[in-house]
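Working notes, beginning with the structure itself.
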């Protein structure tokens, strides 16, 4: 006995279901592929999906991981858990105008759990969870594809039947090994897409479970429909795309459960055909279930809108240049070109890049641009598939093509720019879910070719070859995601016109101390995008450190002219102006930076240095105090306060500040050193000695630490120990100022004592 909800008018339901199961064409009949028991099929899919991405397990935090994880305060225990519900993915308040508005609290919660269990920012645990999630999703795909390709049928015992075991295995393998998924699996921030996909699939499977016959004989379960809505909400709390599963559940209900012929339905609606009332929509509960889905979706979106607080995020032209084009024609052409690129990445995922913005894909501004061919090819294929999905006389073909197109297009809609502007041009991560539709269409195409092919084994070998190539491509791409250097350099050949790629390569080199090479890439980034203020700021910083102050000033002045609220550039411009001894301009630049970023401890620190240079000691102390209030662990600001108070003879105040600083940063050897100097001058020799020795233990190669300890012993009368530390200091730094003179004075004193003793 096989049960399904199809022909409600049949007087005897069970025989009707038997006939329908027999009449339904079997996709597996024409597919030349492996037939494995369900358990083994899932084991094979899990193993192969693991092999694809296993080498990413010990990768670093790369690219967006820094902002979403390392710099995200929501991961730390001191941040209340409740704050996660009011912050965006990056840890900013959703109510802020600068918020990205990406609301994914459940994803951030998993990051926080990772952080707490690992005891810090150790990337291995984060990567392992991502790999496990992808393997789990790939295994679930076996069940999902068995329904999408074979239909939804239950046995008399209520077990769901897999009517397309070979096809579902092939489709699941295609999904598991698709190289375009590397960004989601090997990049830790891809966790959002993985969690979203997991609950997306669970929502779909839950919806399917609603049509399992229950003991009361009801045709569907309201409970499981509601569970599906809740799982869809959870998917959306992981990433925004998750909400689209509710629409796909409705499509599945109409096509598979109710077997609606869309073209016939449209005709009846247009001609107001009286037979429409016999279509079974009300009788089978379709409208009721769709109403539940719509109400659930509307409620979820309303709650999210209320939490967001303000309008959509404000993206810049470099993030998505087509969306800023004045011409509707230019916008439409470029959006469609972006769609064709996404389709190409599914078909041929060889050229992959971590970022496709900033000139990587130049705008199409004329119909004479040869890239128009890509648009034509995309729409030629889509229109052909849509026509077949609507007009084919084969109901089986209509169903599979419509479901394939539905899963390809509907999850992609939030990234399509149709409803709101998105902050990217092309993003490989957003086609994780749409790739389900691609796998359905590929598998169905393979079945059609198998039906026509005389040598089916050759075709099967070709598909095996594609799978093997994809596995190798996944492994290679995963290795590139292991470190920022490999990731950024891999993009140079794919997107040589992308200013952000050159910027990131330059930043990576600068972080490693290779300033000369970094300058080359920063200059190229500015050449490719003359308004790239972050590249100008970083290049200006390096030039400032190399004492090329005039060019640094030109770059930083241009950066703040292009983006007047760029606080970091204003601060760096102030540092350069201070170095050029243009103090008034420097002070104005610092205050402008603070105006645009009120909580800016580093800027207060540099402002304090300016005031100290101008002998405005009280202003300097106030600025440094502001820096330590905003950032209590700001060691440099504390140190400068201690040194300034020491130099101006305020030893008691210097001592109090030093003790306060060490309570907050107990292991900072520079603070120990500064406070030890103050205590020595206050003749608190024993306490001063202890701090000096502690500082030397933490940093034994600091010549000044040994030199000043020697001075303390010299004053204290411990001449042998003074001699020992003077010698260590001179060994570490023979040119240490004052140390050699003090050492010579000590030697003369020791000689005099020896003579007196003689």
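From the backbone N, Cα and C atoms, a Cβ is placed for every residue, glycine too.
So that you can see what the record holds, here are the features copied from TrEMBL:
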type     : residues : note
TRANSMEM : 33-54    : transmembrane segment
TRANSMEM : 131-151  : transmembrane segment
TRANSMEM : 188-208  : transmembrane segment
TRANSMEM : 220-237  : transmembrane segment
TRANSMEM : 243-266  : transmembrane segment
TRANSMEM : 286-305  : transmembrane segment
DOMAIN   : 311-383  : domain 'DUF1736'
TRANSMEM : 372-391  : transmembrane segment
TRANSMEM : 403-424  : transmembrane segment
TRANSMEM : 430-449  : transmembrane segment
TRANSMEM : 458-476  : transmembrane segment
REPEAT   : 499-532  : repeat 'TPR'
REPEAT   : 533-566  : repeat 'TPR'
REPEAT   : 601-634  : repeat 'TPR'
REPEAT   : 703-736  : repeat 'TPR'
Same-chain residues at least 6 beyond the ends of the transmembrane segment (430-449) whose Cβ lies under 8 Å from its Cβ atoms: 27, 30-31, 141, 144-145, 148-149, 167, 170-172, 174-175, 178, 180-181, 184, 190, 193-194, 196-197, 200, 241, 244, 342, 345-347, 385, 400-401, 403-409, 411-412, 414-415, 424, 459, 463
Beyond the flanks of the transmembrane segment (458-476) by 6 or more, those residues with Cβ under 8 Å of it: 32-33, 48, 51-53, 55, 170, 173-174, 177-179, 181-182, 349-350, 446, 449-450
Predicted model, mean pLDDT over the repeat 'TPR' (499-532): 94
Tertiary contacts of the transmembrane segment (33-54) (same chain, 6+ residues out, Cβ under 8 Å): 130-131, 134-135, 138-139, 141-142, 162, 165-170, 172-173, 176-177, 182, 185-186, 460, 463, 470-471, 474-475, 478
